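What TrEMBL annotates here:
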DOMAIN    A:125-419  domain 'NADH:quinone oxidoreductase/Mrp antiporter transmembrane'
TRANSMEM  A:12-31  transmembrane segment
TRANSMEM  A:38-58  transmembrane segment
TRANSMEM  A:78-96  transmembrane segment
TRANSMEM  A:108-125  transmembrane segment
TRANSMEM  A:160-181  transmembrane segment
TRANSMEM  A:205-230  transmembrane segment
TRANSMEM  A:242-262  transmembrane segment
TRANSMEM  A:274-293  transmembrane segment
TRANSMEM  A:300-318  transmembrane segment
TRANSMEM  A:324-348  transmembrane segment
TRANSMEM  A:369-386  transmembrane segment
TRANSMEM  A:406-425  transmembrane segment
């Protein structure tokens, strides 16, 4: 086990994040109350550097390093970039909220950075072990973030639920990994794939292993019936935490699924495919139906997440390169949409007030027409209305499913997205057709937030009109 | 980037070396942005900009206009999303020609009309005009996109955009509740239709292998024979019918009349609602000609025709009448396409043109009346002939055309329509039904047209009008004049005006040369003419007998209202969603866990049953020996005892201790004395820890679960445990190559120790151990930080009310424990030193030391101990970490990887041969950290109690 410094080059983005997190942790100790903004600045700079580095070390042939534990390939380049960019947006949005509540402390940023670091490790993993480590790093940071508002009873309850269920989910995943190891004698994806291809489904241990992996993946994605944590956590956790938890981790979860199911167990596609079909149909159905009945917008977005996860699964279960690419496209696009939606909720919140109910969006157009337009874009995109990118994402996924002859599944998906369109449009109705509450002030935001939100909203439109660039990247990753 | 598409159909497809089609579509979109900006310069300029952009689009289109007449189809293509087979491809043929001229031409007229309709006077323009024209142009661009698309997906995108932009237009005056509701309903229905269309298009694309129209249109036979033809057809028809307001989706159109009248004239008569029919025409060669097509399309068309005509007669609102008559005429066109004969298709196209002209002009007339009278209620607007004879003439001509009076264009297409329906079922026994029903619809159409003319312009005097009507400004009439002029021209000289464009359009609809058709006014006396006469006179009769009919209609109101069904469906879905939420989403963690566990078991079971392989693997089973069986049984008994006794906390703790001992025994049985030792020492520390915590809790925990819940939990636990057992069984009965042999083989040569566990800890997995002790140190410090200076009041009395024993530190025990300390430390050193080769090691030694010291605290009290020993554990922990790290670094200095260990044998006189491994230094670090951290945690947990700080009174009491 010889150490080679060349191994460190491909993980420069991860190292940057680690350094940033440590730096913030230490600097924070010496900052006075009014100087805490430096944490924010440092974090943004760190993530920006990480984005640049991701671009700098990315590209070219896949590299496997650290004795086969980590990998850098087109998938990891793209997903890392997406995670970092979405996280950057998220961090821009959260500052005002934290500051208003006296919570602009280093811990939030450190936990957030560690969560992102965990995601990056998941993306770079080439064996079950680092994948799991990254997942846990992410999950533990997120548990703490959910409980970040220590005076909030709801937040504490949400964190408790998240932790208990999350531990169960991780446990299942680990259980599955251990069984895969038992059946194949390896934890690296390539040897596992080879061993699996040789023995197929004749090994019962392997069957159980896959079942548990799918359960774990379903849990991390929040797919029905492992979705139960999602609404409670979205509602109970402070909105900045939900923003971080609800956006980029979906991309990481996609990496989790791709690495495990495709890289590791690709040849068993006929077997995990069935389970994913069930999860996908249930998620789309329940997510869309229950979302209609929600009056809390965070809860509604939670169920909408669940339904979108169903769509991501559609792409995965197609089992074709096209399917994986479309699922990847969908995950990235979803993360951007979620960041926008929660970003608007943060913008709507002010000192002593959290935007949580659908009614809080009433008359947004009268309060700030530009943000109203951005939120409408996000909602249209989530509903899958052209020419926003949400439509493209749905189209590509459905295309992939139809191409593998699962027409009925595509029709089911279309049916449920019809139902889904309903509640997104209701939000648009609130924004444009209703009068704002009497005590609702005009929205005051910093220029940075405005720029970030504009980029966030307009990119949904731009990607919808010119989807080819991102799609090509996604497709090349699997070619 | 224009590419040539090989001719696949009978029509000659040509490459056109320009990119004017996308520009035509883009121009209105740019115009939308421009008008929004120009709004700041006043409403009039905004209108000019909007009109100018429409004209510009027409000019850009001009060079291509002649191509369809030459039999050419222009296709312009740009690569867009090649991965999904979607190109930005545009197509210009006869059908597109027909629709683009209609969209742009009528669009221009409507903008001109709106310019006067919407701004009362130029001095103070209405706010929001920029928004209005921007939306209108957005819609125009989307609509052009629909009719010019060559690729189905591109078509769909524009299709959805027409839904969106019409939503914006209908909700233009969103302060009104009606406008909001109408807009939402229109968007919901057409938007849902659009999604259904998406499904249909995907199927169609799959069948044809392409989304390109030129490929699809050539494959009619293949597609009609496909097993998925019917679902595909249904989905596409849902899309088309929702858009074109066909029964049972017709209800949104009358409600959409909340839009300003120019919008109604443009969207709801001429363009938007024709999109569905455009789609039927576009895909006519591919979809038509099957029984499914006939039944669905004829059924929908015929019901729409009749229902629309019936309701139109009874609407008192001027626009309501026009809306339902529009529905009826759309049904007529749909019915024609449903007949699927070439001539019927030609008739359908012809009626599209005619309906667009007369209905748009009628809406404009209605707008003028509304504008001049301030109301649209036909019960109040009467006798306008006296006030505005010119407008009345225009409206009457258009209405006559709508009724199908000869010499106007509506008559011609209606004649063709009657002719086609009489021919279609003539060989069936029930064949007379269709012409009869169609004639009935004709009767109703004449009746409502008559009503429009007679009620509004004659029939006495106006009642209670808000203002006195007079002729509108000149330019407001011009658009209507032009349209009515077309009606008359076409009606009188059909062969010279529309015959040619109609032929061109029919060619592209049929994808074949069109049949011969004769657009003459007089065909001789035949059945269609008879039907026309019946319609005219029947209509007169019905209108004269309208009073009793109106009473009848009042009684029936609300019975056949599809909108109510829509509302009830929406309510049902919402109710179902609420019920589902209440059933599933209770927020109880226990419930969530139950769902989780059940799902896991279900999926595991499904996986197990699904695969063929047996549960038991091929590995030969060993015989169970008596000791193992005994330990297993004891384990079960103790576990059960813990469960049963867990309400009595102290007792339960004792039993748990037994559990730990049993586990240690198991380790011994499987020849792992090292682990057994560790288990033992950890067990002791854990029990101390638990005791410290128990101090704050009541002696007994309450029973919280009800009996059914406990039963449920028992079942779940048994299932989960059973599953885990089965998994373990499956795992253990399979051959498995363990990595332990590697360690056994390499322990001595690689690490210089025979205690494999210890060698693993300090050598093979040295990194992990370093990490772990760091974590332990951090945990200790963390707990210290949290507990520092924290004091809690424990219970002063037990459950029966007895006070604690005042003698916290009994002397005998204290003396004995002091004696034990050196012994324990000696054992600890012994275990530490032998660790590398025999069971033992730094970790265990550390725990033993810690336990020995803790015993001093327990028996002698904190004060006594702290007089003899520093309570500051931080240096100890720091030193431990430092030693461990330095050991690793030294190996780097010597040129080896971090934490490489080395060993040597030293001959020490007296003692004998003695092995010294660098790993021992590392182990020392481990030892120090374990001692420090354990003590730090336990001491501070103990200090938290007020028993550790007895009040002076208690201390002074005699011992």
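Backbone N, Cα and C atoms are what each Cβ position is placed from, and that goes for glycine too.
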Under an 8 Å Cβ to Cβ limit, what residues of the same chain, 6 or more beyond the ends of the transmembrane segment (A:160-181), are close to it?
128, 132, 135-136, 139, 142-143, 146-147, 187, 192, 205-206, 208-217, 219-220, 226, 228-229, 232-233, 236-237, 264-265
For the transmembrane segment (A:12-31), distant same-chain residues with Cβ under 8 A (at least six beyond the ends):
38-39, 42-43, 45-47, 49-51, 53-54, 56-57, 80, 84, 105-107, 109-110, 113-114, 116-117, 120-121, 124
So which residues does the transmembrane segment (A:324-348) touch in its own chain, when a touch means Cβ under 8 Å and the partner is 6 or more beyond its ends?
75, 78-79, 82-83, 86, 89-90, 93-94, 96-97, 239-240, 242-243, 246-248, 250-251, 253-254, 258, 262, 297-298, 301, 305, 308, 311-316, 318, 355-356, 360-361, 364, 371, 374-375, 377-379, 381-382, 389-390, 392-394, 396-397, 399-400, 443, 445, 449, 452-453, 456-457, 459-460, 463, 467, 470-471, 474-475, 477-478
Restricting to the same chain and to residues at least six past its boundaries, which positions have a Cβ under 8 Å from a Cβ of the transmembrane segment (A:78-96)?
13, 37, 40, 43-44, 47-48, 50-51, 54-55, 58, 104, 108-109, 112, 116, 119-120, 123-124, 240, 243-244, 247-248, 251-252, 254-255, 328, 332, 335-336, 339-340, 342-343, 346-347, 445-446, 448-449, 452-453, 455-456, 473-474, 477
Can we call the transmembrane segment (A:205-230) and the transmembrane segment (A:274-293) in contact, meaning three or more C-beta pairs below 8 angstroms at a sequence separation of 6+?
yes
Using a Cβ cut-off under 8 Å, which residues of the same chain at least 6 positions beyond either end of the transmembrane segment (A:274-293) come close to it?
210-211, 214, 218, 223-227, 300, 303-311, 313-314, 316-317, 406, 409, 412-413, 416-417, 419-420, 422-423
Counting only residues 6 or more past its boundaries, what in the same chain has a CB within less than 8 Å of a CB in the transmembrane segment (A:38-58)?
9-10, 12-14, 16-17, 19-21, 23-24, 27-28, 31, 72, 76-77, 80-81, 84-85, 87-88, 91-92, 95, 104-106, 108-109, 112-113, 116
